[in-house]
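A short write-up of the structure that comes next.
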Amino acid sequence: MTILNIAAVDLGASSGRVMLASYSTENHKISLEEIHRFKNQFVSQNGHECWDLAYLENEIVNGLRKISNSGRTLHSIGIDTWGVDYVLLDQNGEVVGPTYAYRDHRTDGVMQKVQAELGKEVIYRKTGIQFLTFNTLYQLKAMTDENPAWLSQVKDFVMIPDYLNYRLTGVINREYTNATTTQLVNVNIDSWDTALLDYLGLPASWFGRIRHPGHQVGLWENRVPVMSVASHDTASAVISAPLSDENAAYLCSGTWSLMGLDTTTPCTDECAMNANITNEGGIDGHYRVLKNIMGLWLFNRLCTERDVTDIPALVKQAEAELPFQSLINPNAECFLNPSSMVEAIQQYCREHNQVIPKTTAQLARCIFDSLAMLYRKVALELAGLQGKPISALHIVGGGSQNAFLNQLCADLCGIDVFAGPVEASVLGNVGCQLMALDQIHNAAEFRQLVVKNFPLKQFKKRPHFMPASDFEEKWCEFCALN
């Protein structure tokens, strides 16, 4: 029996891991082992929020060396990260300028300026990407306006996972799923939109050819293949979401919550634009028609501010609080990166004549209720786009462990919710590597392996969780916030 040892590097906005997947080519068992975990956080450079690339590279290599030093033969490596953030390289492959983080405030007001100059509908028809203030399009516009002197130094533009692959292999590869998060890829041709690049005043030569995942980029230390995976972590997570049928939706639940459909065609009509739906690239010729929701970022910040160490206990305390006393719009800009999340929530409730949550449990309940309400709203929008009701919701990622929020989601959306796998991005990363290693052929085949190896938990709508008239009142209150 042959065991393939596959390293999946999974970087998030607050932490990173090097995971080792062991895959049996005989019985198709997959096991996961965390080899190395490290913190990730913004670093301040000249008043801007940035990423420390040298630190990330060093931690990744530390994790890979731990595997090598354990005596196990490593068969391949893949890296996935968040989207939208990029690196500029000069002709020697050295980094030009800081590597800004998407929560940096330099893009404040830039999106509105670009929309006014180009036209919102024009941008959306070209790219199919939802309008978020930190999309790469607006980051680059801020850069060209503020630091035009850098332009003459730059030879290559790469996304962060492509940069890390380059550091491991010396080879530049521009991976499709992450490239689509930039709002610079034309959804009709799956290539860079030259008109948008011209608008920014940037040469097409910076950007190079986009390639789909599932192939070898190069070798680490001249011996271990580094594979191009679905390097946007959400794209990897969707690969491992064991969708029950074509009308099932997924919810990648973590720092961000991303709810969507796995489709063969993008949706860029006026209804999709008005709903701020995004059409990000997937694999096997599919698109991720989805919506970004601020997600557990709000809860994580609450726990940090209130020094919460026992998160399961706080979730239970929140469950015991009265429901729907305070509702917020989790996607409101004031929650993107406030100096105090507690104060931001309380101020929002004050401005919208809501009950002001004070205790940590009340604040947590406010967050969970509001997220579940927003999940319901997005599910209804997605159903409207596809012309069919959502049949089931598959919640994957770390947030799928929150049974209370899963149950709220089933109650409010009125459909069965299936939770798991927890390590969705890691598994999707592994799945792409297995495709590159010719062990499996497509996402559908890999999802069957996921179900066999990682049991799901099912949540059904409770028939009498709240009187219909009371809920309708709260639902109307929430919709008025959006």
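Backbone N, Cα and C define each Cβ position, glycine as well.
Quantities reported herein were computed from a predicted structural model and do not represent experimental measurements.
Residues A13, S14, S15, G16, R17, T255, N300 are recorded by Swiss-Prot as ATP binders, and the candidate that the same record lists for that site, out of G119, G128, G398, is G398. Summary of the site annotation: Swiss-Prot records substrate binding at H232, D233, T234, N292. Screening the candidates G83, G93, G431 against this entry identifies G83 as the one listed for that site. Non-local contacts of G16 (ATP binding site) by the CB criterion (under 8 A, 6+ apart in sequence, same chain) comprise V9, D10, R37, F38, K39, N40, L56, E59, I60. Taking the centre of the Cβ atoms of G83, H232, D233, T234, N292 as the substrate site, the nearby residues of that chain (Cβ within 8 Å, site residues left out) are W82, T177, N178, T181, A235, C252, W256, L258, E280.
Taking every pair among G83, H232, D233, T234, N292, the residues recorded as binding substrate, the greatest CA to CA distance is 13 Å. Under the DSSP three-state reduction, S15 (ATP binding site) is assigned to strand. In the three-state DSSP scheme, G83 (substrate binding site) falls into the coil class.
A straight line from the CA of N300 (ATP binding site) to the CA of C409 (disulfide bond) spans 19 Å.
For C349 (disulfide bond), the count of additional Cβ atoms within 10 Å of its Cβ stands at 19 [all protein chains shown].
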